[in-house]
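**Student:** Could you have a look at this structure, given as structure tokens, before my questions?
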């Protein structure tokens, strides 16, 4: 089992998109009240007094949409300035990024992942669940701006949805050829949303829940060829290059290939729940309640340390326990991805 040194921190469960694999339109979502979110000060306290002493040094800010979090630039600056912070990154949908990219970069954000599931504005609108015009164009502007201000390499996350955007695999992979962009293809994972896209004829026709990474790789391999890359990130992606490309293509295969032995992370939800595994809901700790009840940082740290010792069992032996019935208590937007 890898050393666990990477914490994904969800800052907010709200989003300005309604991506169908994350928070589908029409679903009843109980948003966290603002007073139930971990505060700026509570987050910094947990990092300084609990996680960093336990060896965590890599932090990723997620959501919901993290750029909706009030004071996001100040929070980035405070986390980046912690002496133990080796890497600080963010996953965003990019819609608000054009006006914030420069400030985030100057505040100390090292890396950024931007969700881009389609190059077709109409398909993009379908996936994000919005009818408002120019959503794709604004997102694309955010991507270009982030690259221009210094986020180089830039990572683009693509959730491949059968019958919806799988016909764009080659076009999206091609983005890695001329710029130092890392394209990450992610297997569709219907956590908390068992009816995802069930009303779309394309999905019914496709007759499958996800497109396996090997199938995606083969499409790219047949067009250009693929070679293994010596660039490795902090996550579970298997990374390759199109020969001669400036960037890379990576594959995150949480549905078709078990990578529990490479897991190096935990997840902290916006309301303070620490989750050791994405695929099940065993062993979670309510850190916010402990903190607000006056429990000492030492005591909280001991509880997290114990969770770290049992994490391998949770990853391996209980890997599928969160979906025995096909139902998760939380959607991806609430977990933080």
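Every residue gets a Cβ built from N, Cα and C, even glycine.
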**Student:** Determine which of 8, 217 appears in Swiss-Prot for the same GTP site as 60, 91, 155, 265, 266, 267.
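**Tutor:** Record source Swiss-Prot; matching candidate: 8.
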**Student:** For the S-adenosyl-L-methionine site that Swiss-Prot assigns to 64, 115, 189, which of 6, 21 is also named?
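**Tutor:** Swiss-Prot lists 64, 115, 189 binding S-adenosyl-L-methionine, and from 6, 21 it also lists 21.
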**Student:** How many Å lie between the Cα of residue 15 ([4Fe-4S] cluster 1 binding site) and the Cα of residue 115 (S-adenosyl-L-methionine binding site)?
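**Tutor:** Residue 15 ([4Fe-4S] cluster 1 binding site) and residue 115 (S-adenosyl-L-methionine binding site) have their Cα atoms 13 Å apart.
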**Student:** If you measure residue 64 (S-adenosyl-L-methionine binding site) to residue 155 (GTP binding site) at Cα, how many Å is it?
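**Tutor:** So the Cα of residue 155 (GTP binding site) lies 18 Å away from that of residue 64 (S-adenosyl-L-methionine binding site).
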**Student:** Quick one: what's DSSP say for residue 260 ([4Fe-4S] cluster 2 binding site), helix, strand or coil?
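**Tutor:** Where residue 260 ([4Fe-4S] cluster 2 binding site) sits, the three-state DSSP reduction gives helix.
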**Student:** Using DSSP and three states only, what is residue 265 (GTP binding site)?
**Tutor:** strand
**Student:** Work through the binding-site residues one by one (60, 91, 265) and name whichever has its CA nearest to the CA of residue 22 ([4Fe-4S] cluster 1 binding site).
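**Tutor:** Nearest candidate: 91.
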